[in-house]
Amino acid sequence: MTAAATANVVTLPASEPAKAVRDTRPLRLITCGSVDDGKSTLIGRLLWDTKAVKEDQAATLQRDSTGKQNDLGLPDFALLLDGLQAEREQGITIDVAYRYFSTDKRSFIVADTPGHEQYTRNMATGASTADLAVLLVDARMGILEQTRRHATIASLLGIKQFVLAINKIDLTNYDRAGFEKISHDFREFALSLGVKQITAIPMSALKGENVVYSGQAAMPWYTGPTLVETLELATVRSAQAVGFRLSVQRVSRPGESFRGYQGTVAGGSVKPGDSVMILPSGMVANVSKIVTFDLVRNAAVAGDAITLVLDRQVDVSRGDMIVAIDSQPQSGLSFDAQIVALQPEGIEPGKRYWLKSGSRRQRVQVQPIAQLELKTGAWAPAQSLWMNAIGKVRLSFDEAAVFDPYDQNRSTGSFILIDPESNNTVAGGMITGKRADLGGIHKDGQRVLLSLPADLADQIMASELFSSRRDETEVRRVTAAQAAEIWANAASDI
């Protein structure tokens, strides 16, 4: 930012005519990092420089900043975010604050997450819906343990795009060597997380350098993008990659002639005539109608709240999942997962909890397997997990559970664990896959592999006998050419 721009920074920017947004999909991002790295100040600066601050907010900011000005005489931009009284008194972020801003290229939803270790669970909440993480690092302090913890949680929650915002670079006299060392250290750590898409930016959130406007006047050695330029080029995760998913929230029966299944589409798309399967029962039906509040739709996509009407009477209850018949989630009694422990009592080995995913709630036994060592990025064996620990666990269900892996569908691959005694939410988790060493398909005894026409297979799967033993089966739909290749490569005695 130029000296002239800095001098005039306390003046509310003049309003400009609204510009067309080229990408209509908002980018959801979080700011995270350790305590006092400048997360709230950065978002406040973003809001200010993108003209997302209203006149009354600007006046309040000027008033509340009285007596709190820094050495540059600039407002305390963090006050635009820290809304709780406790946050203002302590000068920290506790809750997750969501703010909205836009440029002429796209719109953004940003979550300011707390940096203190005891509020890690709040950070996990903010990360669960984000497409990109802005990880702040104090240029004077480098990578800290909480920095690693937040990066790990963001990665586990499916975030693959990171901006490493090396903040307060002005307090190091714009030290290029320090910036490059921090960038190198983080990239080395990120390799253990499988994160490769990292943009490192030196910046001063307070001065606004490399946030919205270029800081090249102060840092001629940096020729990369600003934060906003990076955000404008980021990609939004799509829920269309998997097949149709609808977690039934309510069965609607306003009259004898109507029966519909209500919920929000969690993946893919659906249209009248599509064949669907109800899980965990395995019953098959066709979609006859898609209804919203006041319309009959010819299609629905992820994010739409709909009422689905089927062409036959089937047993569907709240918590069941209606899915595309040719792209099914995993169903079984045992799954692997990764969790973040959220309560002081942690996760006790072998204890039974309530697991809630979507609108379905089931009893589950949780067995900790390993805990992530944040300093090394390695997994160490563990029998219990305490608050803020990141761990791998084995989930064992009494009845068949239905999930997608979290990296394929956030909605149908995530869950929370509830203590049945206290009703506290003790963990948030992500399904990594169905356990390969458990379940009916691996029981002793012979197995039979069949290759059937799709219509015949649908009839068999709709039978009561098949439905009663659905958790003992594995179904894979392939093309005729793929089936021929499988059988050609199979052993001769199959």
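Glycine is no exception: its Cβ is also placed from the backbone N, Cα and C atoms.
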Swiss-Prot annotation of region 'G3' - which of the ranges 104-107, 112-115, 408-411, 444-447 it falls on: 112-115
Among ranges 33-40, 65-72, 145-152, 345-352, whichever one Swiss-Prot labels region 'G1': 33-40
Region 'G4' range according to Swiss-Prot, out of 167-170, 251-254, 279-282, 423-426: 167-170
Residue among binding-site residues Gly33, Asp36, Lys39, Ile169 with least C-beta crowding, 10 angstrom cut-off: Asp36
Summary of DSSP states over the region 'G4' (167-170), given as helix, strand and coil counts: 2 helix, 1 strand, 1 coil
Composition by DSSP (helix, strand, coil) of residues within the region 'G1' (33-40): 2 helix, 1 strand, 5 coil
Residues of the parent chain within Cβ reach of the region 'G4' (167-170), under 8 Å, 6 or more residues beyond its termini: 37-38, 42, 136-140, 179, 202-207, 209, 218-219
PLDDT averaged over every residue in the region 'G4' (167-170): 95
